[in-house]
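Novice: My questions will all concern the structure given below.
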Amino acid sequence: MLGVLLVLHGSKIPEWKDVGIKYAEYLSRYFNLVEFGFLEFNKPTLSEALSNLLAKGANKIVVVPLLFATGTHFKRDIPRLLGIDGDEKKIQYMGKEIEIIIADPLGFDEKIGEVLVKGVNETYNKNY
């Protein structure tokens, strides 16, 4: 069964968790098993979110970093926190081999650009 694991950076500001909840709820319309975890500061941690997916029966997991670009968190921290060693994309869980596929960061997308334009316009219109 496919599991989707959203990865958020995290923040000392508790409202960050609301973003994870909203994205997980949205993706739950399309996928049965969706969890989110934070790289730092907030709960659930990435490891806790992974454990939740495994406990629910996920045997293939697509990890979706909600990050704009490739950096240290993407290249080093996410694989380490998931227990992935080197180029190996599998982990062991209760005697089973679990495949983990890490999606690319968001990068540039015109749809995200449209959201940014909307945000600029709304902010400007509220203030002028």
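Placed from the backbone N, Cα and C atoms, the Cβ positions cover glycine too.
The Co(2+) binding site annotation in Swiss-Prot covers HIS9, HIS73 and is backed by sequence analysis. What Swiss-Prot lists as active site, proton acceptor is HIS9, and the listing cites sequence analysis. According to Swiss-Prot, the feature substrate binding site maps to LYS43, PHE68, ALA69, THR70, GLY71, THR72, HIS73.
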Novice: Reduced to three states, what secondary structure does DSSP give HIS73 (Co(2+) binding site)?
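Specialist: The residue in question, HIS73 (Co(2+) binding site), is helix (DSSP, three-state).
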Novice: Which whole number of Å gives the largest C-alpha distance between any two of LYS43, PHE68, ALA69, THR70, GLY71, THR72, HIS73, the residues noted as binding substrate?
Specialist: 23
Novice: Under a criterion of Cβ-Cβ distance under 8 Å and sequence separation of at least 6, what residues of the same chain contact PHE68 (substrate binding site)?
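Specialist: Set apart from PHE68 (substrate binding site) by at least 6 residues yet with Cβ under 8 Å, we have PRO105, LEU106, GLY107.
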Novice: What is the total of other Cβ atoms whose distance to the Cβ of HIS73 (Co(2+) binding site) is within 10 Å?
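Specialist: Taking every protein chain into account, the count is 17.
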Novice: Give me the count of other Cβ atoms within 10 A of the Cβ belonging to HIS9 (Co(2+) binding site).
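Specialist: Summing over all protein chains shown, HIS9 (Co(2+) binding site) has 16 other Cβ atoms within 10 Å.
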